[in-house]
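Please read the structure below before turning to the comments.
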Amino acid sequence: MAAPATVGAGQGKGQGKEYPGGLTLYVFLTCAVAATGGLIVGYDIGISGGVTSMDTFLQQFFPSVYRKEQTAARGGGSQYCKFDSQLLTAFTSSLYLAALVASSFVASVARSLGRKWSMFGGGVSFLAGAALNAAAQNVAMLIVGRILLGVGVAFAGLLMITVGIFSANLVNYGAAKIRGGWGWRLSLGLAAVPAAIIAAGSLFLPDTPNSLITRGYHEEARRVLRRICGTDDVDAEYADLVAAGAARRPWLGILERRHRPQLAVAVLVPFFQQLTGINVIMFYAPVLFRTIGLGGDAALMSAVITGLVNIAATFVSVAAVDRLGRRKLFFQGGCQMLACQAIVGTLIGVAFGGDDGATVPRAYAAAVVALTCAYVAGFAWSWGPLAILIPSEVFPLGIRPAGQAVTLAVNMLCTFAVAQAFLPMLCRMRFGLFYFFAGWVLAMTLFVAAFLPETKGVPIERMGAVWRTHWFWQRFVAADEDGNGDVDMDCRKADGGIVVR
């Protein structure tokens, strides 16, 4: 069975080339190890909000926040401000600042040591961070542990993030019920399980053919390619990989005028994704639900429900993206998120009014949880997966490493900024914060309408025509250019480039 791949080795025209081979057990297992990296990322996103809503955790590490929470519960303080603490937000956001810094040297490490050992290093960093967090005795240990987790995030893939978030929500709900007040240690320490899988699994995987060719191990690259394909007929594909590697000049190429459209997408799509406010929900869902008056268990269970909705809606995107197209999902998801954010802000504003010490009626709280689920669903079948898909499919192979690095760096920078700013902004802007995010959702939906072309069904060697015929981007891509670089190749890969054909 032939596995289709597309190549435009200086052609830019014609049909895509097909290589012999198919899905092998080796590729499946490699994808499973790669997906574990995304599971860790999702787990770390979901776990922080849960533990910061546990009273025993707050009493030990953030006693001032615990005192404000208790005062607010008695009607003596602001519901909006009871979790406002720069130290508390630093616990959450430090991971993403570390990931941002680490992302600047991930490509160099992978190029020098190979993807196998970079994966192993990421897994070990995850393990160390999980162990330090679980054994933490003070805030410094917590933050150092989160930094180590952030270094691991920079080396991880993005598959199974939603499963990781849901798993974290379930663990938090169960851990909060453990007597003795040590449940938060279990929540933080269980990140070591997927970390051990990716660290151990990487030892049994060889480097990718691209990595081996780059470092001059050509015979080993042929052997790995035969194992990936399940066939000995790999000469044509091997030659194309060698040609692609020789043509690569990612950091120079991505700055060329003809690649301005792809660079804009690499920056703006992850920027807008974080300003949907989704990570506010994923980081702080239990904290947010406690802010509107739900009890500890109810807040954690509500976070479990939103995590389950997140998984289910992601499957909707998988089923619909190639049938409906990218733009329709962006539009529908954007409109749904915009409406939910505006209504949630209004409900909380009406319920609290001008009284910061008021509590939200149960019916209002239930409505907020339901609307939050609808908001998460809208994100999960639009800006969630598509913000990963779009940057990866518009870049040609020659500049793809640089494009992915830019996308990751922007994502981590914006994630850090949102995580660090949310609780102070909630305290100062109150329910107006939801209108703030709604405004950004409106802006990004207009951006999609005006500047993002439809890429459904467009092979990589034809992507240049998409930019050449767009009303705005055509000014950057000359009529005689393909807009795709020197060598274009569609890759069969596990997430993060772990398996690349």
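Cβ coordinates are placed from backbone N, Cα and C, and glycine is handled just like the others.
The domain 'Major facilitator superfamily (MFS) profile' annotation in TrEMBL covers 30-456.
Residues or ranges marked as transmembrane segment in TrEMBL: 23-45 (among others).
Counting residues 6+ beyond its ends, the transmembrane segment (87-111) has Cβ neighbours under 8 Å at 44, 48-49, 52, 61-62, 65, 118, 121, 139, 142-143, 146-151, 153-155, 211, 214-215, 283-284, 401, 405, 408-409, 412-413, 415-416, 419-424 in the same chain. Here TrEMBL flags 87-111 (among others) as transmembrane segment.
Taken from TrEMBL, the feature transmembrane segment covers 117-135 (among others).
Within the chain, the transmembrane segment (147-170) has long-range Cβ neighbours (under 8 A, six or more residues past its boundaries) at 31, 34-47, 50, 94-100, 102-103, 106, 118-119, 121-123, 125-126, 128-130, 132-133, 187, 191, 194-195, 198, 282, 285, 300, 303-304, 306-308, 310-311, 314, 380, 384, 388, 408, 412, 494-496, 498. Among the features that TrEMBL reports, transmembrane segment is placed at 147-170 (among others).
The annotation transmembrane segment is assigned in TrEMBL to 182-205 (among others).
Marked as transmembrane segment by TrEMBL: 263-287 (among others).
Sequence annotations record features per position, and here TrEMBL assigns transmembrane segment to 299-321 (among others).
Residues or ranges marked as transmembrane segment in TrEMBL: 333-352 (among others).
Per TrEMBL, transmembrane segment is recorded for 364-390 (among others).
Nonlocal intrachain contacts for the transmembrane segment (402-426), taken as residues 6+ away from its ends with a CB within less than 8 angstroms of a stretch CB, comprise 80-81, 83-86, 88-90, 92-93, 96-97, 99-100, 103-104, 106-107, 153-154, 250-251, 253-254, 262-263, 266-267, 269-271, 273-275, 277, 279-280, 283-284, 287, 291, 391-392, 394-395, 433, 436, 497. Per TrEMBL, transmembrane segment is recorded for 402-426 (among others).
As annotated by TrEMBL, transmembrane segment applies to 432-452 (among others).
Here the transmembrane segment (182-205) has Cβ contacts under 8 Å with residues 29-30, 32-33, 36-37, 39-40, 43-44, 47, 50-51, 54, 56-57, 116-117, 119-120, 122-124, 126-127, 129-131, 133-136, 145, 149, 152, 156, 164, 168, 171-172, 174-176, 498 of the same chain, all six or more residues outside its ends. Here the transmembrane segment (432-452) does not touch the transmembrane segment (299-321). Their Cβ atoms form fewer than 3 pairs under 8 Å, with each pair 6 or more residues apart. When Cβ-Cβ distances under 8 Å to the transmembrane segment (299-321) are tallied for each of 263-287, 333-352, 364-390, the top count falls to 364-390.
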